[in-house]
Amino acid sequence: MNITLITVGKLKEKYLKDAVNEYAKRLQKYCKLNIIELQDEKTPEKASLKEEKLIKEKEGEKILSSIKDNSYVVSMDLKGKMFSSEEFSAFIDDLGVRGNSSIDFVIGGSLGLSDAVLARANYKLCFSKMTFPHQLFRVMLLEQVYRAFRISRGEPYHK
């Protein structure tokens, strides 16, 4: 299975880079992981709603150009469906059974995802009603993908 993580913004803190690298290393056994970091657009301190929409649209264009035609796209969205770890594992397994060999997980910028990206998404996923820093969320998502593979194979890790 090919898993691509498409994110807006770059990791800055070393400890987060180390965590991402650790989960990327662990995931090598289960999938081919590709991480695409897209440049975020600068958001003025007091941006108007119109400016925010334009920024999301620009970031959305970058995201859409990074998605392959045959990819199953899962966007991170506060209005998406929440899963337990077991349900998330079953979701990924089911995608594989249905012949989806490429899954793109999309994490938007600080303003979220554009309407065009949300429209392209095959599935909208929500981890929590809380808001997380985008850099930290990247680690959380990779950990849950790793956990999902371990659960589906009945390997020790998940308790």
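Backbone N, Cα and C atoms are what each Cβ position is placed from, and that goes for glycine too.
Per Swiss-Prot, the feature S-adenosyl-L-methionine binding site maps to Gly108, Phe127, Ser128, Lys129, Met130, Thr131, Phe132.
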Pairwise over Gly108, Phe127, Ser128, Lys129, Met130, Thr131, Phe132, annotated as binding S-adenosyl-L-methionine, what's the top Cα to Cα distance to the nearest Å?
16
Using DSSP and collapsing to three states, where does Ser128 (S-adenosyl-L-methionine binding site) fall: helix, strand or coil?
coil
